[in-house]
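Each remark here refers to the structure printed beneath this line.
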Amino acid sequence: MKLRPNAIGITRGQGALLFDEEGKSYIDAVSSWWVNLHGHAHPVIADAIYQQANTLAHCMFAGLTHEPAVAYAEQLLPLLPGTMSKVFYSDNGSCATEIAIKMALQVFHNRGAVRKTIVALEGSYHGDTFGAMAASSRGLFTAPFDDKLFQVVFIPVPTSDNAAVSLAALTKILATQDVAALIIEPLVQGAAGMQMHNAHALSALFKATHEHGAFVIADEVMTGFGRTGTLFACEQLTESPDMICLSKGITGGTLPLAITACSADVFDAFYTDDVTHAFYHGHSYTANPIACAAALASLKLLLSDESTTRRAYIETAHQRFAQEIRQNERIDNVRTCGTIIAMTIKTVGGNGYLSYERDRIYHYFLARGILLRPMGNVLYLIPPYCITHEQLQHIYQAIREFLESDSHADLPII
Ligand SMILES: *Cc1c(COP(=O)(O)O)cnc(C)c1O
(Lines of atoms letter the chains of each structure in order from A and count residues from 1; the text may use other names and numbers.)
(Lines give C-alpha, C1' and ligand atoms only; values in the text may rest on other atoms or scores of the structure.)
Protein backbone atom coordinates (compact mmCIF):
# COMPACT_ATOMS: atom_id res chain seq x y z
CA MET A 1 0.00 0.00 0.00
CA LYS A 2 2.86 2.34 0.79
CA LEU A 3 5.01 1.71 -2.27
CA ARG A 4 2.22 1.57 -4.86
CA PRO A 5 -0.42 3.94 -3.53
CA ASN A 6 -2.09 5.16 -6.71
CA ALA A 7 -4.33 2.41 -8.05
CA ILE A 8 -6.20 3.47 -11.17
CA GLY A 9 -9.97 3.68 -10.72
CA ILE A 10 -11.53 1.60 -13.49
CA THR A 11 -15.14 2.35 -14.28
CA ARG A 12 -15.94 0.10 -17.21
CA GLY A 13 -14.59 -2.28 -19.80
CA GLN A 14 -15.44 -3.06 -23.38
CA GLY A 15 -13.71 -5.53 -25.67
CA ALA A 16 -10.00 -5.47 -24.91
CA LEU A 17 -10.27 -2.00 -23.34
CA LEU A 18 -10.57 -0.81 -19.75
CA PHE A 19 -11.60 2.80 -19.04
CA ASP A 20 -10.57 4.85 -16.02
CA GLU A 21 -12.43 7.57 -14.13
CA GLU A 22 -11.14 10.22 -16.52
CA GLY A 23 -12.32 8.27 -19.53
CA LYS A 24 -8.79 7.28 -20.56
CA SER A 25 -8.67 3.84 -22.17
CA TYR A 26 -6.11 1.08 -21.67
CA ILE A 27 -5.64 -1.99 -23.84
CA ASP A 28 -5.75 -4.90 -21.40
CA ALA A 29 -2.76 -6.75 -22.82
CA VAL A 30 -2.67 -9.26 -19.96
CA SER A 31 -6.38 -10.15 -19.88
CA SER A 32 -6.67 -8.83 -16.31
CA TRP A 33 -4.46 -11.45 -14.68
CA TRP A 34 -4.95 -13.90 -17.53
CA VAL A 35 -8.67 -14.46 -16.93
CA ASN A 36 -10.44 -12.57 -19.70
CA LEU A 37 -10.98 -14.48 -22.94
CA HIS A 38 -13.62 -12.74 -25.06
CA GLY A 39 -13.40 -9.13 -23.91
CA HIS A 40 -14.75 -7.11 -21.01
CA ALA A 41 -18.47 -6.92 -20.28
CA HIS A 42 -19.24 -9.36 -23.06
CA PRO A 43 -22.99 -9.09 -23.74
CA VAL A 44 -23.54 -12.84 -24.25
CA ILE A 45 -21.96 -13.75 -20.92
CA ALA A 46 -23.62 -10.79 -19.19
CA ASP A 47 -27.00 -11.98 -20.45
CA ALA A 48 -26.37 -15.56 -19.31
CA ILE A 49 -25.46 -14.23 -15.85
CA TYR A 50 -28.61 -12.10 -15.72
CA GLN A 51 -30.88 -14.95 -16.80
CA GLN A 52 -29.36 -17.36 -14.29
CA ALA A 53 -29.50 -14.82 -11.45
CA ASN A 54 -33.21 -14.52 -12.12
CA THR A 55 -33.71 -18.28 -12.06
CA LEU A 56 -31.43 -19.78 -9.43
CA ALA A 57 -28.62 -17.67 -8.01
CA HIS A 58 -27.27 -20.25 -5.60
CA CYS A 59 -27.99 -23.47 -3.78
CA MET A 60 -25.61 -25.61 -1.83
CA PHE A 61 -23.94 -28.30 -3.89
CA ALA A 62 -24.32 -31.12 -1.37
CA GLY A 63 -27.35 -33.34 -1.67
CA LEU A 64 -28.53 -30.90 -4.35
CA THR A 65 -27.51 -30.42 -7.94
CA HIS A 66 -28.53 -28.12 -10.76
CA GLU A 67 -28.59 -27.91 -14.50
CA PRO A 68 -25.82 -25.35 -15.17
CA ALA A 69 -23.28 -27.46 -13.20
CA VAL A 70 -24.34 -30.70 -14.87
CA ALA A 71 -24.49 -29.18 -18.35
CA TYR A 72 -21.06 -27.59 -17.99
CA ALA A 73 -19.45 -30.82 -16.77
CA GLU A 74 -21.06 -32.75 -19.64
CA GLN A 75 -19.84 -30.27 -22.22
CA LEU A 76 -16.35 -29.86 -20.79
CA LEU A 77 -15.36 -33.48 -20.09
CA PRO A 78 -15.22 -34.65 -23.72
CA LEU A 79 -13.07 -31.62 -24.60
CA LEU A 80 -10.42 -32.36 -21.98
CA PRO A 81 -7.21 -34.21 -22.87
CA GLY A 82 -6.98 -37.81 -21.73
CA THR A 83 -10.01 -39.62 -20.41
CA MET A 84 -11.38 -37.43 -17.67
CA SER A 85 -14.49 -38.85 -16.07
CA LYS A 86 -15.58 -36.46 -13.30
CA VAL A 87 -15.29 -32.83 -12.31
CA PHE A 88 -15.02 -31.39 -8.81
CA TYR A 89 -16.11 -27.76 -8.58
CA SER A 90 -14.51 -25.04 -6.46
CA ASP A 91 -13.97 -21.34 -6.95
CA ASN A 92 -10.36 -20.44 -7.65
CA GLY A 93 -7.16 -21.83 -9.08
CA SER A 94 -5.38 -22.28 -5.76
CA CYS A 95 -8.26 -24.43 -4.54
CA ALA A 96 -8.29 -26.40 -7.78
CA THR A 97 -4.63 -27.42 -7.35
CA GLU A 98 -4.95 -27.96 -3.62
CA ILE A 99 -7.95 -30.23 -4.25
CA ALA A 100 -5.97 -32.21 -6.85
CA ILE A 101 -3.12 -32.72 -4.38
CA LYS A 102 -5.55 -33.78 -1.63
CA MET A 103 -7.27 -36.18 -4.04
CA ALA A 104 -3.98 -37.77 -5.09
CA LEU A 105 -2.90 -38.27 -1.48
CA GLN A 106 -6.29 -39.60 -0.42
CA VAL A 107 -6.48 -42.10 -3.28
CA PHE A 108 -3.49 -43.88 -1.75
CA HIS A 109 -4.83 -43.41 1.78
CA ASN A 110 -8.11 -45.03 0.72
CA ARG A 111 -6.20 -47.85 -0.95
CA GLY A 112 -4.20 -48.40 2.24
CA ALA A 113 -0.96 -47.65 0.41
CA VAL A 114 1.85 -45.44 1.65
CA ARG A 115 2.52 -42.79 -0.95
CA LYS A 116 3.10 -39.30 0.29
CA THR A 117 5.64 -37.55 -1.91
CA ILE A 118 4.57 -34.73 -4.22
CA VAL A 119 6.94 -33.77 -7.02
CA ALA A 120 6.83 -30.38 -8.74
CA LEU A 121 8.93 -28.39 -11.18
CA GLU A 122 11.48 -25.78 -10.17
CA GLY A 123 9.96 -22.32 -10.60
CA SER A 124 6.44 -23.71 -10.27
CA TYR A 125 3.48 -21.65 -9.10
CA HIS A 126 0.27 -23.38 -8.11
CA GLY A 127 -1.45 -20.74 -5.99
CA ASP A 128 -1.39 -18.83 -2.73
CA THR A 129 -3.11 -21.07 -0.17
CA PHE A 130 -0.90 -23.27 2.00
CA GLY A 131 -1.15 -26.51 0.03
CA ALA A 132 -0.78 -24.70 -3.27
CA MET A 133 2.17 -22.71 -1.88
CA ALA A 134 3.78 -25.94 -0.69
CA ALA A 135 3.71 -27.24 -4.27
CA SER A 136 5.15 -23.95 -5.52
CA SER A 137 8.83 -23.19 -5.63
CA ARG A 138 10.12 -21.43 -2.54
CA GLY A 139 10.93 -17.75 -2.92
CA LEU A 140 9.61 -14.25 -2.54
CA PHE A 141 5.95 -15.30 -2.32
CA THR A 142 6.44 -18.11 0.19
CA ALA A 143 9.38 -16.91 2.33
CA PRO A 144 7.40 -15.84 5.43
CA PHE A 145 5.71 -19.27 5.54
CA ASP A 146 8.41 -21.66 4.37
CA ASP A 147 8.66 -23.45 7.72
CA LYS A 148 4.90 -24.17 7.63
CA LEU A 149 4.85 -25.71 4.15
CA PHE A 150 4.92 -29.47 3.62
CA GLN A 151 7.94 -30.79 1.80
CA VAL A 152 7.77 -31.15 -1.95
CA VAL A 153 10.54 -32.45 -4.19
CA PHE A 154 11.43 -30.10 -7.04
CA ILE A 155 12.95 -31.25 -10.32
CA PRO A 156 14.46 -29.23 -13.20
CA VAL A 157 12.07 -27.92 -15.85
CA PRO A 158 11.99 -30.16 -18.98
CA THR A 159 13.27 -27.63 -21.50
CA SER A 160 14.82 -28.90 -24.75
CA ASP A 161 18.27 -28.38 -23.29
CA ASN A 162 17.42 -29.95 -19.98
CA ALA A 163 15.22 -32.90 -20.96
CA ALA A 164 17.60 -35.64 -19.88
CA VAL A 165 18.53 -33.93 -16.59
CA SER A 166 14.88 -33.41 -15.72
CA LEU A 167 13.90 -36.99 -16.50
CA ALA A 168 16.90 -38.39 -14.61
CA ALA A 169 15.98 -36.36 -11.52
CA LEU A 170 12.40 -37.61 -11.64
CA THR A 171 13.41 -41.23 -12.26
CA LYS A 172 15.67 -41.15 -9.23
CA ILE A 173 12.92 -39.81 -6.99
CA LEU A 174 10.41 -42.33 -8.30
CA ALA A 175 12.84 -45.13 -7.55
CA THR A 176 13.65 -44.00 -4.02
CA GLN A 177 10.48 -42.36 -2.69
CA ASP A 178 6.80 -43.25 -2.54
CA VAL A 179 5.52 -40.68 -5.00
CA ALA A 180 1.80 -39.92 -5.04
CA ALA A 181 1.79 -37.27 -7.76
CA LEU A 182 3.73 -35.05 -10.09
CA ILE A 183 2.16 -31.59 -10.46
CA ILE A 184 3.14 -29.35 -13.36
CA GLU A 185 2.04 -26.32 -15.36
CA PRO A 186 2.11 -27.83 -18.85
CA LEU A 187 4.19 -26.03 -21.53
CA VAL A 188 4.19 -22.59 -19.87
CA GLN A 189 5.06 -21.73 -16.29
CA GLY A 190 3.07 -18.52 -15.88
CA ALA A 191 4.13 -16.85 -12.65
CA ALA A 192 7.74 -17.97 -13.18
CA GLY A 193 7.75 -15.35 -15.98
CA MET A 194 6.03 -17.17 -18.87
CA GLN A 195 8.85 -19.70 -19.03
CA MET A 196 8.24 -22.31 -21.71
CA HIS A 197 9.39 -25.90 -21.96
CA ASN A 198 9.33 -28.84 -24.31
CA ALA A 199 6.21 -30.94 -24.98
CA HIS A 200 8.19 -34.06 -25.81
CA ALA A 201 10.32 -33.82 -22.68
CA LEU A 202 7.27 -33.18 -20.53
CA SER A 203 5.53 -36.22 -22.00
CA ALA A 204 8.51 -38.31 -20.89
CA LEU A 205 7.99 -37.09 -17.29
CA PHE A 206 4.31 -38.08 -17.46
CA LYS A 207 5.24 -41.51 -18.78
CA ALA A 208 7.81 -42.18 -16.04
CA THR A 209 5.32 -41.06 -13.39
CA HIS A 210 2.65 -43.40 -14.73
CA GLU A 211 5.05 -46.33 -14.92
CA HIS A 212 5.51 -45.95 -11.17
CA GLY A 213 1.77 -45.90 -10.52
CA ALA A 214 1.72 -42.25 -9.50
CA PHE A 215 -0.62 -39.56 -10.79
CA VAL A 216 0.06 -36.57 -12.98
CA ILE A 217 -1.74 -33.36 -12.08
CA ALA A 218 -1.87 -30.82 -14.92
CA ASP A 219 -2.34 -27.33 -13.52
CA GLU A 220 -3.95 -25.71 -16.57
CA VAL A 221 -5.31 -22.80 -14.54
CA MET A 222 -3.43 -20.41 -16.81
CA THR A 223 -2.86 -22.54 -19.94
CA GLY A 224 -6.47 -23.74 -20.30
CA PHE A 225 -9.10 -22.48 -22.72
CA GLY A 226 -6.99 -21.81 -25.77
CA ARG A 227 -3.99 -19.90 -24.42
CA THR A 228 -1.33 -22.25 -25.80
CA GLY A 229 -2.67 -22.78 -29.32
CA THR A 230 -4.78 -25.80 -28.43
CA LEU A 231 -7.85 -25.73 -26.18
CA PHE A 232 -5.74 -27.26 -23.42
CA ALA A 233 -1.94 -27.45 -23.30
CA CYS A 234 -1.92 -31.19 -22.57
CA GLU A 235 -3.38 -31.85 -26.02
CA GLN A 236 0.11 -31.19 -27.34
CA LEU A 237 1.57 -34.07 -25.31
CA THR A 238 1.70 -37.76 -26.11
CA GLU A 239 0.77 -38.72 -22.52
CA SER A 240 -2.30 -37.63 -20.60
CA PRO A 241 -2.66 -36.32 -17.07
CA ASP A 242 -4.88 -37.97 -14.45
CA MET A 243 -6.18 -34.69 -13.08
CA ILE A 244 -6.62 -31.29 -14.70
CA CYS A 245 -7.03 -28.02 -12.78
CA LEU A 246 -8.88 -25.18 -14.49
CA SER A 247 -9.91 -21.74 -13.39
CA LYS A 248 -8.67 -18.46 -14.83
CA GLY A 249 -10.43 -18.38 -18.20
CA ILE A 250 -13.31 -20.61 -17.24
CA THR A 251 -16.02 -17.93 -16.99
CA GLY A 252 -14.39 -15.68 -19.58
CA GLY A 253 -13.13 -13.50 -16.74
CA THR A 254 -16.46 -12.69 -15.15
CA LEU A 255 -17.01 -14.78 -12.01
CA PRO A 256 -14.88 -17.02 -9.80
CA LEU A 257 -15.15 -20.73 -10.60
CA ALA A 258 -12.72 -23.64 -10.76
CA ILE A 259 -12.66 -27.28 -11.68
CA THR A 260 -10.49 -30.22 -10.76
CA ALA A 261 -11.24 -32.90 -13.34
CA CYS A 262 -10.12 -36.47 -12.71
CA SER A 263 -9.92 -39.84 -14.40
CA ALA A 264 -12.07 -42.83 -13.41
CA ASP A 265 -9.00 -44.27 -11.70
CA VAL A 266 -8.96 -41.41 -9.23
CA PHE A 267 -12.73 -41.32 -8.79
CA ASP A 268 -13.03 -45.06 -8.18
CA ALA A 269 -10.79 -44.88 -5.10
CA PHE A 270 -13.48 -42.76 -3.43
CA TYR A 271 -16.44 -44.80 -4.70
CA THR A 272 -16.69 -47.29 -1.86
CA ASP A 273 -19.09 -48.29 0.94
CA ASP A 274 -16.70 -46.86 3.53
CA VAL A 275 -17.83 -43.40 4.63
CA THR A 276 -14.29 -42.52 5.71
CA HIS A 277 -13.29 -42.76 2.05
CA ALA A 278 -15.33 -39.68 1.19
CA PHE A 279 -13.55 -36.59 -0.09
CA TYR A 280 -14.45 -34.18 2.70
CA HIS A 281 -13.87 -30.97 0.85
CA GLY A 282 -16.52 -28.42 -0.03
CA HIS A 283 -16.79 -24.67 -0.37
CA SER A 284 -19.90 -22.61 0.31
CA TYR A 285 -20.05 -21.38 -3.28
CA THR A 286 -19.07 -24.67 -4.91
CA ALA A 287 -20.55 -24.87 -8.43
CA ASN A 288 -22.35 -21.56 -8.04
CA PRO A 289 -25.09 -21.62 -10.72
CA ILE A 290 -24.44 -18.09 -11.99
CA ALA A 291 -20.75 -18.86 -12.41
CA CYS A 292 -21.61 -22.13 -14.17
CA ALA A 293 -23.97 -20.25 -16.51
CA ALA A 294 -21.16 -17.80 -17.29
CA ALA A 295 -18.84 -20.75 -17.96
CA LEU A 296 -21.37 -22.30 -20.35
CA ALA A 297 -21.69 -19.04 -22.26
CA SER A 298 -17.91 -18.56 -22.33
CA LEU A 299 -17.34 -22.10 -23.62
CA LYS A 300 -19.79 -21.55 -26.45
CA LEU A 301 -17.97 -18.37 -27.46
CA LEU A 302 -14.62 -20.15 -27.20
CA LEU A 303 -15.72 -22.95 -29.53
CA SER A 304 -17.12 -20.55 -32.13
CA ASP A 305 -15.37 -20.15 -35.48
CA GLU A 306 -14.81 -16.51 -34.72
CA SER A 307 -12.83 -17.23 -31.55
CA THR A 308 -10.81 -19.96 -33.27
CA THR A 309 -9.93 -17.54 -36.08
CA ARG A 310 -8.98 -14.81 -33.61
CA ARG A 311 -6.68 -17.13 -31.67
CA ALA A 312 -4.98 -18.28 -34.88
CA TYR A 313 -4.52 -14.64 -35.89
CA ILE A 314 -2.90 -13.71 -32.54
CA GLU A 315 -0.64 -16.75 -32.70
CA THR A 316 0.63 -15.89 -36.18
CA ALA A 317 1.02 -12.20 -35.32
CA HIS A 318 3.03 -13.07 -32.17
CA GLN A 319 5.28 -15.43 -34.16
CA ARG A 320 5.96 -12.78 -36.80
CA PHE A 321 6.71 -10.14 -34.21
CA ALA A 322 8.96 -12.53 -32.27
CA GLN A 323 10.87 -13.23 -35.46
CA GLU A 324 11.28 -9.51 -36.07
CA ILE A 325 12.64 -8.62 -32.63
CA ARG A 326 14.49 -11.83 -31.80
CA GLN A 327 17.93 -10.35 -32.54
CA ASN A 328 17.33 -7.14 -30.56
CA GLU A 329 20.25 -6.66 -28.21
CA ARG A 330 18.08 -5.34 -25.41
CA ILE A 331 16.23 -8.60 -24.93
CA ASP A 332 16.82 -12.28 -24.37
CA ASN A 333 14.78 -15.35 -25.03
CA VAL A 334 11.86 -14.07 -27.08
CA ARG A 335 9.32 -16.88 -26.81
CA THR A 336 5.81 -17.60 -27.94
CA CYS A 337 3.28 -20.31 -27.23
CA GLY A 338 -0.14 -19.90 -28.82
CA THR A 339 -1.54 -16.51 -27.82
CA ILE A 340 1.29 -15.82 -25.34
CA ILE A 341 4.46 -13.90 -26.21
CA ALA A 342 7.17 -13.11 -23.69
CA MET A 343 10.66 -11.66 -23.65
CA THR A 344 13.24 -11.03 -20.98
CA ILE A 345 14.55 -7.46 -20.85
CA LYS A 346 18.27 -7.39 -20.20
CA THR A 347 19.11 -5.38 -17.11
CA VAL A 348 22.31 -4.05 -15.65
CA GLY A 349 20.97 -4.54 -12.15
CA GLY A 350 18.98 -7.36 -10.66
CA ASN A 351 16.78 -9.79 -12.49
CA GLY A 352 13.72 -11.41 -11.06
CA TYR A 353 10.38 -10.32 -9.73
CA LEU A 354 11.67 -7.26 -7.90
CA SER A 355 13.75 -5.98 -10.81
CA TYR A 356 13.68 -2.18 -11.09
CA GLU A 357 12.80 -2.66 -14.78
CA ARG A 358 9.31 -3.68 -13.75
CA ASP A 359 8.19 -0.15 -12.89
CA ARG A 360 9.87 1.36 -15.92
CA ILE A 361 8.13 -1.06 -18.28
CA TYR A 362 4.79 -0.73 -16.53
CA HIS A 363 4.71 3.08 -16.68
CA TYR A 364 6.15 3.33 -20.16
CA PHE A 365 3.25 1.30 -21.56
CA LEU A 366 0.61 2.73 -19.26
CA ALA A 367 1.43 6.20 -20.59
CA ARG A 368 0.72 4.84 -24.08
CA GLY A 369 -2.65 3.40 -23.11
CA ILE A 370 -1.44 -0.17 -22.70
CA LEU A 371 -1.89 -2.17 -19.53
CA LEU A 372 0.95 -4.63 -18.97
CA ARG A 373 1.98 -6.16 -15.72
CA PRO A 374 5.57 -7.25 -16.22
CA MET A 375 6.91 -9.94 -13.94
CA GLY A 376 10.17 -8.31 -12.94
CA ASN A 377 12.09 -7.84 -16.17
CA VAL A 378 9.86 -10.21 -18.14
CA LEU A 379 7.57 -8.37 -20.54
CA TYR A 380 4.72 -10.51 -21.83
CA LEU A 381 1.39 -10.31 -23.61
CA ILE A 382 -1.56 -12.62 -23.06
CA PRO A 383 -4.38 -10.61 -24.62
CA PRO A 384 -8.12 -11.29 -24.73
CA TYR A 385 -8.89 -13.15 -27.97
CA CYS A 386 -11.08 -10.28 -29.18
CA ILE A 387 -8.13 -7.89 -29.37
CA THR A 388 -8.24 -6.11 -32.74
CA HIS A 389 -5.49 -6.00 -35.33
CA GLU A 390 -5.03 -2.26 -34.66
CA GLN A 391 -4.79 -2.77 -30.91
CA LEU A 392 -2.25 -5.57 -31.22
CA GLN A 393 -0.15 -3.63 -33.75
CA HIS A 394 -0.27 -0.59 -31.44
CA ILE A 395 1.22 -2.74 -28.65
CA TYR A 396 3.93 -4.17 -30.92
CA GLN A 397 4.83 -0.65 -32.06
CA ALA A 398 5.08 0.50 -28.43
CA ILE A 399 7.39 -2.44 -27.72
CA ARG A 400 9.58 -1.48 -30.70
CA GLU A 401 9.81 2.08 -29.37
CA PHE A 402 10.42 0.85 -25.84
CA LEU A 403 13.36 -1.23 -27.04
CA GLU A 404 14.82 1.89 -28.61
CA SER A 405 14.19 4.11 -25.60
CA ASP A 406 16.89 5.11 -23.13
CA SER A 407 17.18 2.22 -20.72
CA HIS A 408 18.91 4.38 -18.15
CA ALA A 409 16.26 7.08 -18.00
CA ASP A 410 15.16 8.01 -14.53
CA LEU A 411 12.39 5.94 -13.05
CA PRO A 412 9.03 7.68 -13.30
CA ILE A 413 7.37 8.88 -10.15
CA ILE A 414 4.71 6.31 -9.34
C1 LIG B 1 -3.17 -18.12 -11.14
C2 LIG B 1 -2.73 -19.53 -11.02
C3 LIG B 1 -3.12 -20.32 -9.93
C4 LIG B 1 -3.94 -19.75 -8.80
O5 LIG B 1 -5.20 -19.38 -9.22
P6 LIG B 1 -6.04 -18.31 -8.34
O7 LIG B 1 -7.40 -18.34 -8.95
O8 LIG B 1 -5.35 -17.01 -8.48
O9 LIG B 1 -6.03 -18.82 -6.94
C10 LIG B 1 -2.72 -21.63 -9.91
N11 LIG B 1 -1.97 -22.15 -10.89
C12 LIG B 1 -1.58 -21.44 -11.96
C13 LIG B 1 -0.80 -22.09 -13.04
C14 LIG B 1 -1.94 -20.10 -12.06
O15 LIG B 1 -1.52 -19.37 -13.10
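Note that Cβ sites are derived from N, Cα and C of the backbone, with glycine treated the same way.
In TrEMBL, annotation is done automatically, which means it is predicted and not curated.
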TrEMBL annotation, pyridoxal 5'-phosphate site containing Gly93, Ser94, His283, Ser284 - matching residue among Asp28, Asp146, Asp147, Asp219: Asp219
Annotated binding-site residues Trp33, Ser94, Ser284, Arg373, filtered by Cβ under 6 Å to ligand 1: Ser94
Taking residues Gly93, Ser94, Asp219, His283, Ser284, which bind pyridoxal 5'-phosphate in the record, the widest Cα spacing (Å, whole number): 23
Rounded inter-Cα distance in Å - Asp219 (pyridoxal 5'-phosphate binding site), Gly282 (substrate binding site): 20
Protein Cβ atoms within 10 Å of His283 (pyridoxal 5'-phosphate binding site), excluding its own: 15
Cα-Cα distance maximum in Å, computed over every pair in Trp33, Tyr125, Lys248, Gly282, Arg373 that the record assigns to substrate: 33
Binding-site residues clustered about Gly93 (pyridoxal 5'-phosphate binding site) [Cα within 10 Å; pool: Trp33, Lys248, Gly282, Arg373]: Lys248
Cβ atoms near Ser284 (pyridoxal 5'-phosphate binding site) (within 10 Å, other residues, all chains): 9
